[in-house]
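Student: In case it's useful when we look at the structure, here is the feature table from Swiss-Prot:
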- His83, His182: heme b b562 binding site (BINDING)
- His97, His196: heme b b566 binding site (BINDING)
- His201: ubiquinone binding site (BINDING)
- 33-53: transmembrane segment (TRANSMEM)
- 77-98: transmembrane segment (TRANSMEM)
- 113-133: transmembrane segment (TRANSMEM)
- 178-198: transmembrane segment (TRANSMEM)
- 226-246: transmembrane segment (TRANSMEM)
- 288-308: transmembrane segment (TRANSMEM)
- 320-340: transmembrane segment (TRANSMEM)
- 347-367: transmembrane segment (TRANSMEM)
Amino acid sequence: MTIMRKKHPLIKLINHSFIDLPTPSNISSWWNFGSLLGLCLTIQILTGLFLAMHYTSDTSTAFSSVAHICRDVNYGWLIRYLHANGASMFFICLFLHVGRGVYYGSYNMIETWNMGIILLFAVMATAFMGYVLPWGQMSFWGATVITNLLSAIPYIGTTLVEWIWGGFSVDKATLTRFFAFHFILPFIITALVLVHLLFLHETGSNNPTGLNSDADKIPFHPYYTIKDFLGALLLLATLMMLALFFPDALGDPDNFTPANPLNTPPHIKPEWYFLFAYAILRSIPNKLGGVLALILSILVLALMPFLHTSKQRGLTFRPITQTMYWILVADLLILTWIGGQPVEYPFIMIGQVASIAYFTIIVILMPIAGMIENNILDMN
């Protein structure tokens with residue numbers, strides 16, 4: 001078996017990636033989220049496949065087909081709620097994975113980091129289109145509001161929006177194409193994940209100290225396979241608890257009402273995992289400015305390798321930047337809260353302050369803190 005594992009052209013690839021892969025001996029549970037994201041993607045593709053067997057992407061039957069899945073299909077309710085809450089688990093793991101990368105300076109592996117940003121955009125696009133498919137009130141109005149943002153692009157904006165809609169409003173053509181894209185994108189994401197791993201295995205994993213770990217590597221299997229398995233069990237337990245006990249806790253009550261173009265919901269808002277970006281979008285009075293800020297809220301991550309001023313890689317031994325980091329985390333939680341609030345005083349002002357703070361911490365304060373820490377080290 002050992003000979004086959006190391007010689008067979010296909011099994012050899014798996015062996016080098018998941019079995020004999022030299023891994024730092026000191027990586028903590030924060031390094032579990034990569035494998036958990038792989039598990040989330042697998043769950044989403046499988047549950048999505050079974051949902052697609054019963055779903056119809058037609059405006060007149062989409063809503064009732066989802067109701068049919070929940071009422072008449074064997075365990076359809078479970079598949080639907082695993083898929084809906086699986087998306088939430090996916091984003092929780094994504095945010096923790098990115099947060100770990102920022103904290104421990106993993107963004108210095110530029111190819112892997114940039115691939116991760118592309119993946120983040122792809123997953124966000126997939127989740128947005130998936131939210132439109134049940135064709136409830138929030139699905140319809142969410143799709144209308146978010147796609148309409150593209151009309152802010154000078155000269156070609158309006159034409160572009162109508163091209164995406166397939167008409168003069170969000171309608172049958174829009175739903176059909178969103179379903180097609182929502183189906184194909186997870187497979188594209190799977191291919192991108194393989195590229196992400198390819199880049200990662202070129203450099204090897206980072207570790208909590210931020211030091212070179214070549215002198216102290218251990219094989220991935222059995223040490224980290226068993227560790228990842230424990231993480232997977234905890235993730236599945238959490239997902240099952242969500243899907244079975246609180247299936248609609250993270251959803252919007254408006255989505256229990258079929259889409260009606262003549263009736264606008266009082267507060268249009270996306271799913272909870274987009275609220276931070278939605279708050280940044282709404283905090284700028286200008287439409288184009290808001291769209292740019294929305295894109296930059298994610299794209300600013302690509303600047304992190306160039307804004308790294310410290311002589312140390314991670315934040316493990318850097319108390320000033322650590323403080324900045326946790327203020328940034330708190331700021332993102334505030335933005336998430338604001339994104340779900342109505343557009344009125346004092347929420348508008350809080351959103352604007354939190355949005356300015358978000359970009360200021362990443363672009364200005366963290367690099368300055370890194371330089372201050374360098375000087376303190378030099379003095380000693």
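Backbone N, Cα and C atoms are what each Cβ position is placed from, and that goes for glycine too.
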Student: Within 10 Å of each Cβ, count the other Cβ atoms, then let me know which of the binding-site residues His182, His196, His201 comes out lowest.
Tutor: His201
Student: Looking at the binding-site residues His83, His97, His182, which has the shortest Cα distance to the residue listed as 'ubiquinone binding site'?
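Tutor: If we rank His83, His97, His182 by Cα distance to the residue listed as 'ubiquinone binding site', first place goes to His97.
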Student: For the transmembrane segment (77-98), find every same-chain residue at least 6 residues outside the stretch whose CB is under 8 Å from a CB in it, and list them.
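Tutor: Here the qualifying positions are 30, 33-34, 36-37, 40-41, 43-44, 47-48, 50-51, 66, 69-71, 116, 120, 123, 127, 130, 235, 238-239, 242-244, 247, 250-251, 271-273, 301.
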Student: Is the transmembrane segment (226-246) in contact with the transmembrane segment (33-53), using three or more Cβ pairs under 8 angstroms as the rule and ignoring pairs under 6 apart in sequence?
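Tutor: Answer yes: the transmembrane segment (33-53) meets the transmembrane segment (226-246) with 3 or more Cβ pairs below 8 Å.
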Student: Near the transmembrane segment (113-133), which same-chain residues lie under 8 Å Cβ to Cβ, leaving out any that are not at least 6 residues past its ends?
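Tutor: Beyond its ends, the transmembrane segment (113-133) has Cβ neighbours at 55, 57, 62, 66, 87, 90-91, 94, 97-98, 101, 106-107, 139-140, 142-143, 146, 174-175, 178-179, 181-182, 185-186, 188-189, 192-193, 195-196, 199, 270-271, 273-274, 298-299, 301-302, 304-305.
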Student: If one measures from the C-alpha of His97 (heme b b566 binding site) to the C-alpha of His83 (heme b b562 binding site), what distance in angstrom results, rounded to a whole number?
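Tutor: For His97 (heme b b566 binding site) versus His83 (heme b b562 binding site), the Cα atoms are 20 Å apart.
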Student: Counting only residues 6 or more past its boundaries, what in the same chain has a CB within less than 8 Å of a CB in the transmembrane segment (320-340)?
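Tutor: Same-chain residues near the transmembrane segment (320-340) but 6 or more away: 99, 102-103, 269-270, 272, 274-280, 282, 310, 347, 350-351, 354-355, 357-358, 361-362, 365-366, 369-370, 372-373.
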Student: Ten-angstrom check, please: count other Cβ atoms within 10 Å of the Cβ of His97 (heme b b566 binding site), all chains counted.
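Tutor: Looking across every protein chain shown, the total is 20.
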Student: Restricting to the same chain and to residues at least six past its boundaries, which positions have a Cβ under 8 Å from a Cβ of the transmembrane segment (288-308)?
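Tutor: The answer is 98, 102, 105, 107-108, 110, 113-114, 117, 120-121, 124, 149-150, 152-154, 276-278, 280-282, 355, 358-359, 362-363, 366-367, 370.
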